[in-house]
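Per TrEMBL, the features are:
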type	residues	note
DOMAIN	35-279	domain 'Rhodopsin'
TRANSMEM	12-35	transmembrane segment
TRANSMEM	55-73	transmembrane segment
TRANSMEM	136-158	transmembrane segment
TRANSMEM	178-203	transmembrane segment
TRANSMEM	215-241	transmembrane segment
TRANSMEM	253-273	transmembrane segment
Amino acid sequence: MHQRRHSLDERAPLGVATIAINTVFVVLAALALGIRLMSRRFQGLGLSFNDYAALLAWPLAVAIDVTNFFMAFQGGAGQHLANVDSTEITVTLKKSDVPQIIPAETCLWATANALVKLSILHFYLTIFGTRKPFRYATYAVMALVLSFGIGLNLQAFLICRPFAKNWNRLLPGTCGPVTAPFLADSSINILMDLAIVVLPMPVVWQLQMVQKRKIALTIVFALGVLVCVVALIRVVLIARLNIDDYLYDFTKITIVTDLEICLGIIVACMPMFPPTLKRMLRGKKDPSLFRRHMSSGVALMRPKNPHMPAFHRIDDLYPLTDLDEMRTWNEICGTDGKPDSLVDDPDSDAKLEMHPRSTIKIKKGWEVRSGEAV
């Protein structure tokens, strides 16, 4: 009985699944970036390096998705070579665009991956950067991430000499091994992801705040474990890559490649969600309030006087110490400057003293004089 063979003209289910999964997560990453920008607007803050890095990573994720789309619908991605008629195998390999796309997708992934990691690390610096040991450790990881990204781009261009031999193995020249470098790169990538997840944990648990808030912050920063899991799956798929059936096996790798970048963008944006989510919750109670916040968001960043800088109300994204709302803690000092006790005085008119990256500090000085009557 003759078994029907599939040709490249028929799109493989795995190729279609690649497009569906990657497109969904690209859209989710775009929504996360939108919430991030709204939070910045609500806080009256401009964009910083970590915002720009996350924004630049998204079009690269879209480009990876486009290459996957092209491979699925033009290059036969997702098909087993065994399911292609033997007389068509030569035509299939010649027609397939997968080998040409592998170097391009490697460069896109390496650059986007580095941008996402740098965005997260720079965000750490904006919160915990006053601590020297943490700052130096973060700079070291950032240098490693940057070097790794540059190295991957160079590897993609130099693994085959001449470069065209990446997709035309009949050309004279040499090519290095494919699986071993990919496996080593992905393993190093996982180690960097783990370092980024673990890096802020000791600092979080040293903060002067209630334990439930420490746990909440730990969960937010630990969401990077999801990216580590996807990166680990990528390592396993690369280790099992069968070059003789690369149209099928490489398609599975492309799914997690784009997924890793999109999840990274979402995780990098999640710490920025609270301001927007709070406004949205308020808007449910009073829809006109949320509309007013939306319409006035840009005005918050615009100076009233063009010659004067804009004034922004302090609105820390993650305050590093706990302050009870509507309460003032006063420090009563003796003549030696040492605190005698702490009292809670909600009606205090004591002078407020603001310190950068700190909390509100209130001081009351007491001086008692005695002498003999004349």
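A Cβ is built for glycine as well, from the same backbone N, Cα and C atoms used for every other residue.
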Short question: which residues 6 or more past the ends of the transmembrane segment (55-73) have a Cβ under 8 Å from it?
11-12, 15-16, 18-19, 22-23, 26, 29-30, 33, 97-98, 101, 104-105, 108-109, 111-112, 115-116, 119, 251, 254-255, 257-258, 261-262, 264-265
Before we move on, state whether the transmembrane segment (253-273) and the transmembrane segment (12-35) share at least 3 Cβ pairs under 8 Å, counting only pairs 6 or more apart in sequence.
yes
Cβ-Cβ under 8 Å with the transmembrane segment (215-241): same-chain residues at least 6 beyond its ends:
120, 178-179, 182-183, 186-187, 189-190, 193-194, 196-197, 200-201, 204-205, 207, 249-250, 252-253, 256-257, 259-260, 263-264, 267, 270-271, 318
Cβ contacts under 8 Å made by the transmembrane segment (136-158) with residues that lie 6+ beyond its boundaries:
103, 106-107, 109-111, 113-114, 117-118, 121-122, 124-125, 129, 181, 185, 188-189, 192, 195-196, 199
Restricting to the domain 'Rhodopsin' (35-279), report the mean pLDDT as a whole number.
84
